[in-house]
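The N-linked glycosylation site annotation in Swiss-Prot covers ASN167, ASN382, ASN490. Sequence annotations record features per position, and here Swiss-Prot assigns region 'Disordered' to 1-23. As annotated by Swiss-Prot, transmembrane segment applies to 41-61, 98-118, 146-166, 169-189, 204-224, 238-258, 260-280, 294-314, 320-340, 342-362, 392-412.
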Amino acid sequence: MDIRKRKNAGGDGDGGADGASVNVGDEPDSFGGRIGSPRRIFLFCLAFRVVNALLIQTYFNPDEHWQSLEVAHRTIFGYGYMTWEWKRGIRSYLHPMLFAFLYKLLQVTGLDTPYIMIKAPRLMQSIFSAIGDLYLYKLSDALYGGNVATWSLFCQMANWFIFFCLNRTFSNCLETVLTIMGLYYWPCIRDSSIDYPVNRKWGLVIAALACAIRPTSAVIWLYVGMLELFLTPNKVKFIILEVIPIGSLVLGFTCLLDRLMYGSWVIVPLNFLKFNFLSSGGDYYGTHPWHWYFTQGFLVMLFTFTPFSIAGIIKSKNQKLSALILWVLAIYSILGHKEFRFVLPVLPIALIFSGYAFAQMEVSGSSSSSSVTKKKQVPRQNHTKWSPKLRLSVYFLLATNIPMALYMSLFHQRGTEDAMNYLSDEAYKGRVKSILFLMPCHSTPYYSTLHRNIPMQFLDCTPSAEKGELDESDQFLVNPLGFASELARNWSEPPSHIVLFASEETKLRDFMIQHSFKEVRRFFHAHFKVDRDLQSSVVVYVVNHAFP
């Protein structure tokens, strides 16, 4: 087996990125030498992510639907619910517009059927995910060589959380793809003596787009930008001729887009940062202790890759990327409101270190070498025999991550999506007149899945200016029967369908009978509780006289 031969622009380093190693050309183990050309790698990743997208049938977080698809649906079809964030101007239209183009294509081709409307957005996201996979391979190859790149790609595809989350339509997912792409082009991350300014400009463009889509991405690019500023010999040129013009162009473009869509001038990044960082507005949706990312959140995402990532960080001695992970986790730890997806952009970086550890094990087992990037050439072995340690490690990761990925993607919290898919099909057949969701706000997808302009009502949870004031969701959970009875007093005509969790349904059965509702479908939702009491199933009720 070849161990990649490289030229070191900064002396005889130990193979980490801080050693500034570069390619000497397309040798057998150079980029793509292990598993094919960039095109073949991309097509392989795309096929994998398409299957990945089709396997995701669960609900994770409301923003997947309410902050992207719902907005895009309203833009193209003229109806859809805009949450309070859009009324306060803390969201940019840049990300939803990607899906608006998809919806427009489906509209003009007449393909906007219930099934395609449900599946198409995640299939579109699978293209972005595959691009991210390709650039993870390219970045790993630029840093450490083709062997590490192959293992890094394996780790990316085997990680349960990447499988579960990356193909969802969160802005965080596109931010993650742009982060990996951008890091590939920045000279301070990898030595790039050829076409140096062009690479950096591309890196700046991608970084600016990431910040436009997700303003908190500035946490990542502030670190990278300061590192580049420290290392570049021409600091004035970097700031005056590159950062300011490129940043201004991207900011200007997004401001014009938001001006067109909002109808007035809105500086979204400023509003977003003010709400989330200065006023801690996100705390309304719950808080975690400062150490949560370090002791729970990021470790759950890495799962059984954790020891391998730690080993890779130690062995590679790549202080730049390991410090980036630490920086992001530390900054996000300052905020009270924490979520797994907020730190998703640095998960692939941690998986690169896992790939390094696996490549180290492979090389150590096959040639007794102590370094993945050792300059020595070893004759190619067509069939490299894995050491027992390497084989056991691979089996261990697959045995732990595959069941987790499939369970979370196919079973855990699937009831709300199943219920909406059912209602979408019923509405398509003209069997739904109106829907009331008696469950915590944003528990289901909305018009982007139903795709029929019929009256729907859910329980509002807009943050209140009065501290301690209960929103509709909280009021309902405190007293389900009293809240539902108050709603019913104002009905001129009852909704044709009511959707609720089984935990509340048991308290409202008499109410349902009294108002002539009967159960029509029940969907499994979860085996264990997450934030609230166990929501084991989602129940759909229909009023008896809704249809003759």
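Going from the start of the chain as shown, residues are counted 1 onward.
Any Cβ shown, glycine's included, is placed from N, Cα and C.
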Item checked: Chain residues outside the transmembrane segment (342-362) and at least six past its termini with a C-beta under 8 angstroms from it -> 1, 132, 136, 139-140, 143-145, 147-156, 159, 161-162, 165-166, 172-173, 175-176, 179-180, 183, 216-217, 220, 293, 297-298, 301-302, 305, 308-313, 315-316, 318, 321-322, 324-325, 328-329, 332, 371-372, 384, 386-387, 389-390, 393-394
Check: By a Cβ-Cβ criterion of under 8 Å, what residues six or more beyond either terminus of the transmembrane segment (238-258) are in contact with it?
Finding: 89, 92-94, 97, 197, 200-201, 204-205, 208-209, 211-212, 225, 228-229, 232, 265-269
Notebook entry, point to check: So, do the transmembrane segment (392-412) and the transmembrane segment (41-61) meet, by the test of 3 or more Cβ pairs under 8 Å (sequence gap 6 or more)?
Noted result: yes
Check: Between the stretches 41-61, 204-224, 260-280, which wins on the count of C-beta pairs under 8 angstroms to the transmembrane segment (169-189)?
Finding: 204-224
